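One structure is given here, and the rest of the page talks about it.
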Amino acid sequence: MSTPFKMERGVKYRDAAKTSIIPVKNIDPNQELLKKPEWMKIKLPASSAKIESIKNGMRRHGLHSVCEEASCPNLHECFNHGTATFMILGAICTRRCPFCDVAHGKPLPPDPEEPQKLAETIQDMKLKYVVITSVDRDDLPDRGAGHFSECVKAVRELNPNIKIEILVPDFRGRITQALEKLKDNPPDVFNHNLENVPRLYKEIRPGADYEWSLKLLREFKEIFPNIPTKSGLMVGLGETNEEILQVMQDLRDNGVTMLTLGQYLQPSRHHLPVARYVPPTEFDEFRDKANEMGFEHAACGPFVRSSYHADLQASGGLVK
């Protein structure tokens, strides 16, 4: 009889160490991978002073960016543009989604000084728009909602003219309590990603629930009808176009007005493989459908991510 795997608190488990403990065994690290089409090949710019400045500023304050932790392909572009998505509540997630490159494990307690550190870093960077996200923290009674609220409060106190978007987890089992915590310090944009279609949730988002995520988006909108709600999807994981269109309609039916749609990219051989690469023309068609459905803004393209050019998304600019 094998000995149960025991995680050490504060240790990051990645790649095989992370995906090997997922209940649904659907990853063969030795399988042949799809070849990337030409439209998915980008030339990364050389590291610049601005990129290093952002990285050093975050490390100096003990902060994390989802750009680095999730191995985002747009990191160089966004950092060169002077933007970053801050990841609060540590860099260890209590979930182990096999599409995501963020580390899994037993996280450390939240840093009570993080809200102030975050506010000072944003002030130093002279940002006008910021996205704040987090790992899942199922170990916390409020799932981290109170910490989100404190971060928004601290950032606004030092940066009174800034626009704040929060990209939140699903606050599993604690939606009512979480939204109550956010009432005191609401964001300018509320974002929660559905990620993909409900048929694939068991293998893509173990521990999550499609209807629960819709409920979170709907109930936030009911409390704050004038704050835009936003959600993002990845394509290329085995879903059909018809299923994606149905998810888009579900989002509209629950009051969501902003959409992001991008191509899934496999972080490593130990993550879910890409089932297909969606051509740019299909992303254009998805954007047209989104406009027909009544989304106020839809960013659809191979390299689009939830917080990619979020400032342009919020102002209605074309992002693809």
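A Cβ is built for glycine as well, from the same backbone N, Cα and C atoms used for every other residue.
Per Swiss-Prot, these features apply:
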BINDING   C67, C72, C78, S307  [4Fe-4S] cluster 1 binding site
BINDING   C93, C97, C100  [4Fe-4S] cluster 2 binding site
DOMAIN    79-296  domain 'Radical SAM core'
(message) Same chain, not part of C93, C97, C100: whose C-beta falls within 8 angstroms of the C-beta centre of the [4Fe-4S] cluster 2 site? Give them in sequence order.
(response) R95, R96, F99, D101, V102, H104, V135, D136
(request) Whole-number Å only: compute the distance from the Cα of C100 ([4Fe-4S] cluster 2 binding site) to the Cα of S307 ([4Fe-4S] cluster 1 binding site). (result) 15
(message) Please report the Cα separation of C97 ([4Fe-4S] cluster 2 binding site) and S307 ([4Fe-4S] cluster 1 binding site) in Å, rounded to an integer.
(response) 19
(message) Taking 10 A as the limit, how many CB atoms besides its own sit near the CB of C93 ([4Fe-4S] cluster 2 binding site)?
(response) 26
(message) Please report the distance from the Cα of C93 ([4Fe-4S] cluster 2 binding site) to the Cα of S307 ([4Fe-4S] cluster 1 binding site), rounded to the nearest angstrom.
(response) 19
(request) Please average pLDDT over the domain 'Radical SAM core' (79-296) for the predicted structure. (result) 94
